[in-house]
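Input: a single structure, listed below in structure tokens.
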Ligand code: GLN
């Protein structure tokens with residue numbers, strides 16, 4: 001039976017609760033325990049699939065096809081445990097489940113209330129798979145005091161009551177602001193935040209305090225006294241140069257020890273932190289820098305491409321180089337010449353995206369990379385744009401385009417759809433069908449699918465195998481009918497769905513490194529196990545940087 005750690009936040013949002021949870025997960029693993037991490041989000045969207053990346057950052061996709069919060073990406077990157085659809089829930093999902101049950105008559109005529117019906121639904125969710133791991137870490141999104149968060153806080157309070165004593169602990173993450181004028185770290189906002197928690201029946205066992213610098217002993221004692229935690233359970237979480245320093249930094253601060261103490265686990269198993277020591281060593285001891293341009297649409301908010309940025313960092317670790325990323329809005333190329341902007345980069349990446357805006361700029365970026373021998377990685381939409389570019393400029397299909405854009409065009413343009421809307425495909429051993437009019441939520445080709453790579457192709461060499469499984473999130477596909485025409489001109493279809501119908505990977509022959517993938521390899525990369533495509537892409541960028 002798992003022990004439960006509930007992680008809540010106070011004072012302000014964006015303190016890195018997800019990261020702290022993920023790092024704690026990694027530390028417990030380092031002591032030999034098995035873990036699973038979960039996110040409970042108070043917002044009313046049923047899942048983040050329909051939220052704009054500008055609003056909420058990237059949508060993280062699990063193997064079993066759930067569209068989840070980007071914190072699940074942190075969890076996977078730090079623990080290597082593949083997230084499942086049952087690791088993420090929102091108020092929207094909770095209420096939608098409750099209402100569905102009510103309509104079905106499951107509640108036998110009862111009046112449906114937040115307590116117990118909504119809280120029971122949340123508790124049932126927390127319990128899923130509780131026998132599978134030693135520790136279940138549940139992060140509650142938002143900050144204490146948020147209206148939407150209340151049912152979740154109430155549910156975890158009840159949950160700890162339902163369980164045996166000592167089976168659940170609470171960790172609270174707050175901010176200690178530094179007031180320059182008086183040269184002091186202030187504990188009052190944390191005191192208030194804990195007071196707020198206690199007013200709803202929750203008493204934190206561990207306080208994780210974000211601060212710019214170290215926390216002096218005096219402030220630690222004050223926090224312990226006023227917030228009713230042990231002095232050793234006040235953990236300083238200082239700003240770090242790299243997020244991957246977090247496990248070692250929190251370990252030095254005694255976070256994992258404090259957690260084990262709170263559960264009364266003694267003696268605590270010794271940790272093996274060699275994995276994280278190696279990751280930190282590779283982060284800091286590098287041999288040069290490579291510059292990578294990401295030509296995309298959601299470039300104002302880095303979180304919109306969180307996993308890609310992290311996967312590039314992991315690729316840098318594999319090659320002991322620092323990867324410097326520059327975000328370029330693809331729309332710029334519709335006004336300005338792209339050549340001068342792109343020529344100083346060692347590699348170009350065009351990420352996934354939705355809608356027509358900026359796509360002509362992405363096509364120009366793909367063309368530039370192909371013609372100038374610059375390493376190119378196109379992900380999902382980035383692959384589709386590379387195929388359109390090749391169709392137009394290599395295979396003489398000047399009007400090549402994607403069906404994704406025709407409904408947005410005011411005049412019904414004539415074009416050759418080399419990328420089309422897929423309405424029927426095979427997942428495992430069953431058929432999936434969609435209509436154009438389907439809801440926007442969750443109707444894409446989502447989650448893990450197998451692909452077969454051509455023996456002797458660049459990608460088969462990179463992966464070291466011809467059978468792979470990668471995660472998808474898209475509605476449109478490259479049309480196989482253009483394969484021969486494109487391959488003749490040098491765009492090779494080197495990865496296909498097992499039934500041979502759906503192109504999964506394209507690569508340009510006789511190019512230093514040009515690969516387009518229909519899936520999202522970035523979702524599976526880890527600092528201690530960089531994704532082979534990202535590792536090799538950065539290797540090619542490093543080679544390119546030596547040439548210029
Ligand atoms: N918009 C494209 C599609 O739906 C690509 C999606 C993506 O890049 N994730 O097929």
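Cβ atoms here come from the backbone N, Cα and C positions, even for glycine.
What TrEMBL says about a protein is an automatic prediction, not a curated fact.
So that you can see what the record holds, here are the features copied from TrEMBL:
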type: DOMAIN; residues: 3-264; note: domain 'CTP synthase N-terminal'
type: BINDING; residues: 13, 186, 187, 188, 189, 190, 191, 222; note: UTP binding site
type: BINDING; residues: 13, 146, 147, 148, 186, 187, 188, 189, 190, 191, 222; note: CTP binding site
type: BINDING; residues: 14, 15, 16, 17, 18, 19, 71, 240; note: ATP binding site
type: BINDING; residues: 71, 139; note: Mg(2+) binding site
type: BINDING; residues: 353, 381, 382, 383, 384, 404, 475; note: L-glutamine binding site
type: ACT_SITE; residues: 380; note: active site, nucleophile
type: ACT_SITE; residues: 520; note: active site
type: ACT_SITE; residues: 522; note: active site
**Request:** Using all protein chains shown, find which of the recorded positions 19, 380, 381 scores highest when you count other CB atoms within 10 A of its CB.
**Result:** 381
**Request:** Determine the binding-site residues, out of 15, 17, 18, 71, 187, 189, lying near ligand 1 in the sense that the CB is under 6 Å from one of its atoms, and give them in sequence order.
**Result:** none
**Request:** List nothing but the largest Cα to Cα distance in Å, as a whole number, among the residues 14, 15, 16, 17, 18, 19, 71, 240 that the record says bind ATP.
**Result:** 18
**Helix, strand or coil at residue 522 (active site) [DSSP, three-state]** = helix
**Request:** Work through the recorded positions one by one (186, 475, 520) and point out the residue whose CB has the fewest other CB atoms within 10 angstroms.
**Result:** 186
**Prompt:** When you measure from the Cβ of residue 139 (Mg(2+) binding site), which residues in the chain that are at least 6 apart have a Cβ under 8 Å away?
**Reply:** 7, 17, 18, 21, 37, 38, 39, 40, 71
**Item:** Distance [Cα-Cα, Å, rounded] between residue 404 (L-glutamine binding site) and residue 147 (CTP binding site)
**Value:** 39
**Message:** Just to verify a number: CA distance, residue 384 (L-glutamine binding site) to residue 189 (UTP binding site), in angstrom, no decimals.
**Reply:** 49
**Message:** For residue 353 (L-glutamine binding site), which of the three DSSP-derived states applies: helix, strand, or coil?
**Reply:** coil
**Integer Å distance between the CA atoms belonging to residue 190 (UTP binding site) and residue 15 (ATP binding site)** = 13
**Request:** Check the Cα-Cα distances from residue 383 (L-glutamine binding site) to the binding-site residues 187, 189, 191 and tell me which is shortest.
**Result:** 189
**Item:** Max pairwise CA distance, angstrom, over record-listed L-glutamine binders 353, 381, 382, 383, 384, 404, 475
**Value:** 14
